[in-house]
Amino acid sequence: MTNYRDEPPIPLEPFPTVRGDSPFPPLAESVAPPAAAEPDPPSDWIERADAHDLPTRENALVALGRFAFPPAPPLDEEGVAARDRRWTSRTVMVAAVFLLVFNAVSPLNWSRQQPPGWVPETVRQLSEVWVARLAVFGVDMPRQGVREGWDAARRARFVGQTQDSGTAADGSTAAAEP
Amino acid sequence: MLFPTLAFGVFFLIVYFTAWSLDRENGKRKLFLLLASWFFYAQWDWRFVGLLIGSAILNWGVAALIARDRERRGVGPGEKGGNGWLVALGATANLLILGFFKYYGFFVQEAGELLARFGWERDLPLLQIVLPVGISFFTFQGVSYVVDVHRGKTPPAKSLLDVMLLMSFFPHLVAGPIVRASDLLPQFDRTPRLTREMATHGLLLIVWGLFKKTVIASELSTHLVDPVFFDPTAFGALDIAAAVYGYAVQIYCDFSAYSDMAIGLAALLGYSFPRNFDQPYRAASMQSFWRRWHISLSSWLRDYLYVPLGGGRRGLLASCINVFITMVLGGLWHGAALTFLAWGALHGGVQVIERLGRAVFRRPEGAEERRSVLLTVVGVLVTFHIVCLGWILFRAESFDLALQVLEGLGRAGPAVMLTPLLLALIVGGLAMHWLPPRAIEGMAERLKGAPSITLGLLIGAAILLVEAVRPEGVAPFIYFQF
């Protein structure tokens, strides 16, 4: 301000005082409003508390185990399929090995039914050794036991039936008179 | 190479592990399965592998021509349309192959006898033709593929390899089930997934099939059915009745065992086959029986024979004639013999009577469908005994022998062949029809969560039991001859 009327007015504000629009959003919009403070728990909380909601203390060994061996991430579809294939293959292999031990006589029987040749002869010789070695441990007993039971059932006859009639244990049939 | 043999077991283990090692390359996997299937088929007669290949090329070519014709005419997928002559060409070519191998000798012999009756005795050219194993099955599969492409039910296969594998895939190759292209071709598009449920179900079906075939069917066949049907005059009514019931159980256990094992083997390779048997002796009518027995054949006959003949669209009389023709031809499909024709006629005739009966005693519109337990029991018993009567025709090698069996049912005599064990097998074979309808599936559902070692031991122990009681060697499956 001045006392001289003729003096040109001194620009009080040499710089533009009106600011243009900011390219940025107003500060208030980019900052989330403060969360409302949680209300105090009701004074009777202890009466309504459920023991199962309370944090439980984990076994230290379990916690250590999870730290040492963290669980694998969940499998995708391909992973599940591969896991199921492995499971099936293991099942098949376990069954095959089980039969190779407890049904060791089967390859021997097969080789005896084949026409002579290199493969049947090799299988026969290997099987004979295999069967003989396993027989030491008695692994052929279950099969033999079942077989004997089955043969006994085959030999059974109705009351009044003769043993000669019907089928013999070896599978041959007795011709019946009309 | 029969399923229940050690040789097949080794073959399948090799195929199983090799096929899954190729799971990232579906094309190579299919090629390997095709080569394995040809190897399997060549164990019977390697010359017929050429027939299998030729048949596949024929069907692939005709289907491709049909597809091109449909495209040219603008027929959309799912719509029936195209040149009918091409379908007729494909179906006729397939049936000619089947007819030559299966029926040539039969028709020439019958024609010779007919001419002789009229005094025109001629030396017709009789040929000793070896019947290729499973020809009926892969021929029917070829026909269904060509017709389905024409009907728009299935798109043509993407490659010749797919058609060849469809027709040659070893689990169903020699005795079915008749797997339609619409069931199997989509499964060939990508490497299949094997789930635990599928694997468990497959393993249980294989064990169950082994038991039915090698224990029940073999025992009944060797010790009861074969001796009695060889000379029925030597036995009394008890033995003959036991042999007839025994054959009913034997043929069910034999054929359903093959289907079970085929479904199980395919499942272990990741493919799904349709069910082929559903407790058939529970049926309370002949129509119901054919919805439960050899389902893939009965549905084939319905879709490709009964429906084209007109089905039930032209009234009751036409439907009766059509069903009778269908069943007679179905009988002829089983074998080139008059006994099979009579068997088909019996089944067709009973179905005609049932249809007429239903038409006469039809309930009024809106009436509640209710059937008493007594009626159901009577229906089951009557149907089962008609089926058994049919089995006599089916099993006997001639009409004379069938008549001898029927006569023997009225001849008193002690039971010579029937033993407690055989009786138990017959009763057990019939009783298994009253197990829960989806017992194997239910068991698989329970066992799929078991550790692999536990399940492997269980499967191994079950096979060991079967191996311990089965006879040495194994007879071919009955349906191989068809």
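Each Cβ is built from the backbone N, Cα and C atoms, and glycine gets one as well.
Please treat TrEMBL annotations as automatic predictions, because they have not gone through curation.
Between the stretches B:255-274, B:315-334, TrEMBL puts its transmembrane segment entry on B:315-334.
From the options B:23-43, B:86-106, B:191-211, the stretch TrEMBL describes as transmembrane segment is B:86-106. For the ranges B:45-66, B:221-242, the feature annotated in TrEMBL as transmembrane segment maps to B:45-66. Listed as Cβ neighbours of the transmembrane segment (B:159-178) (distance under 8 Å, sequence separation of 6 or more from its ends, same chain) are residues 27, 30-31, 33-34, 36-38, 40-41, 44, 52-53, 55-57, 59-60, 63, 133-134, 137-138, 140-142, 144-145, 184-185, 188, 255, 258-259, 261-263, 265-266, 269, 271, 273-274, 276, 294-297, 300, 477, 479-480, 482. Residues of the same chain lying 6 or more positions beyond the ends of the transmembrane segment (B:373-394) and with a Cβ under 8 Å from any Cβ of it are 244-245, 247-248, 251, 280-286, 288-289, 334, 339-340, 342-343, 346-347, 350, 402, 405-406.
Within its own chain, the transmembrane segment (B:414-435) has Cβ neighbours under 8 Å at 215-216, 219-220, 223-224, 227-228, 235-236, 238-239, 242-243, 245-246, 248-250, 252-253, 279-282, counting only residues six or more beyond its boundaries.
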